[in-house]
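Per TrEMBL, these features apply:
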type: BINDING; residues: Lys77, Lys101, Ser355; note: substrate binding site
type: ACT_SITE; residues: Lys113; note: active site, proton donor
type: SITE; residues: Asp153; note: site 'Important for catalysis'
type: BINDING; residues: Thr197, Asn228; note: NAD(+) binding site
Amino acid sequence: METIQREQTEVLNPYEIVKRQIDTAAAKLQLPEHVTELLKRPKRVLSVSFPVRMDDGSVRIFEGYRSQHNDAVGPTKGGIRFHPDVTIDEVKALSMWMTFKCGVVGLPYGGGKGGVIVDPRTLSKGELERLSRAFMEAIADIVGPERDIPAPDVYTTPQIMGWMMDTFSRLRGHNSPGVITGKPIIIGGSQGRNAATAQGCVYAIQSALEDIKLPIEKAKVAVQGFGNAGRIAARLLTDLGATVVAVSDSRGGVYDANGLDLDRVEQLKDEATILDYGASYHISNEQLLELDVDILIPAALENVITQENAPRVKARIIAEAANGPTTPEADAILNKNGTIVIPDILANAGGVTVSYFEWVQNLMNYYWSEEEVLEKLQVNMVKSYNAVRDLAKEYGTDLRTAAYMISLQRVTEAMRARGWV
Ligand code: NAD
């Protein structure tokens, strides 16, 4: 995974943002205050410190967290992040977002998230393995296939998931692949997981294009971020006939109004940098967001569309492959301008959906082909997009609020059925 240079952006406190998003949707649903207050707090947050032996024989103490937001609908689910900027508030907020993401696409999960304060680029492979195994040991009492199922996130990889699954299985004394998703395929990973986020995002975009009656062959696309989500989305849209006019990564972007030669961009990215496409094609990441395109896919960082640049955004559809790319103030401006914003909890839910499929396959010990996985993903994404779009129409609101309303409603119903509220 590439560097996500979060340090470059001033990140709004995600915990405050998610609480505001809950309030907006809860007001529409007229939820009682005690329900809203419960939803604003994680059920359980575990804070751990653990020692790791370094290659030079010294011992370093690391800190990490696991937050389980709400398990009314089912076991909690969400990634583990290794990053020097991890904070307990961030992990809590991300676990809350996971509840709403699982809710909007109808997965039988609540939200969880974990993180360790570490810059994994400073560790050797052996140190990284010992750290990964030690963190899993530290949280093993509260995770498990029926309790809380982690997955990869920033700076954590299928290999790390493999080590963690192995540690958990050793502690339990039997093979337990369903404890974690995003594993290498040979030990229970799912076909289709690598492209799942981008693929899910593209299914949602196709539905939105149908709504505005724009054939995909006529659509111009700009993609910010050329990693797992952005690069694969650009490829899939090109293969469907769309014209990708701009892409960027952390160093900047390239733009050709007539369409980029995506094969060449991919090759340049693998060899060195997309900027080798040619100096006359260069644009900045800020310019990319304001291009005259039909579809804009922010697939890199948080808070890139702000109240400052939102009035200049021309895209008719914004598909939030990244988590939290639009600030609440920018959201209001985009909604006023009639931009269709497919919210992150829906647009990038393909990843957790295929993680769910991985867990189901692990529990059955029976594995699907890539075609089967993608077909099930498509059915679920299109169904979820349509439900959000229809509710937004019914309430005269935006897609984000409607997505939250569906999630909140679902979690609230489950809490009522259990007699919690
Ligand atoms: P990645 O590390 O594979 O790619 C990130 C890309 O962003 C890279 O191309 C990097 O160069 C680029 N980037 C970094 N700083 C940038 C900057 N300042 N301006 C422009 N581009 C910059 O990460 P990813 O997995 O593709 O994740 C991207 C976003 O999608 C994140 O917000 C992530 O939370 C979200 N997301 C990913 C998944 C998934 O399954 N991969 C699932 C849900 C959400």
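Yeah, the Cβs are placed from backbone N, Cα and C, and that goes for glycine too.
Automatic, uncurated: that is what TrEMBL annotation is.
Sequence features annotated in TrEMBL and their locations in the structure.
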residue	record	Cβ neighbours (10 Å)
Lys77	substrate binding site	28
Lys101	substrate binding site	28
Lys113	active site, proton donor	32
Asp153	site 'Important for catalysis'	21
Thr197	NAD(+) binding site	25
Asn228	NAD(+) binding site	19
Ser355	substrate binding site	27
Pairwise C-alpha maximum, in angstrom, for the residues (Lys77, Lys101, Ser355) that bind substrate according to the record: 13
Neighbours of Lys77 (substrate binding site) among the recorded positions Lys113, Asp153, Thr197, Asn228 (Cα to Cα, within 10 Å): Lys113
Asn228 (NAD(+) binding site) in three-state DSSP notation: helix
For the substrate site built from Lys77, Lys101, Ser355, further residues of that chain with CB within 8 A of the site's CB center: Gly78, Met98, Cys102, Leu107, Tyr109, Gly111, Ala151, Thr181, Ala349, Gly351, Val352, Thr353, Tyr356
Listed recorded positions with Cβ under 6 Å from ligand 1, out of Lys101, Asp153, Thr197, Asn228: Thr197, Asn228
Three-state secondary structure, Thr197 (NAD(+) binding site) (per DSSP): helix
Reduced DSSP assignment, Ser355 (substrate binding site): helix
Distance, Thr197 (NAD(+) binding site) to Ser355 (substrate binding site) (CA atoms, angstrom): 10
Listed recorded positions among Lys101, Lys113, Thr197, Asn228 whose Cα sits within 10 Å of Asp153 (site 'Important for catalysis'): Lys113
Per DSSP, three-state class assigned to Asp153 (site 'Important for catalysis'): coil
Local backbone state of Lys101 (substrate binding site), from DSSP in three classes: helix
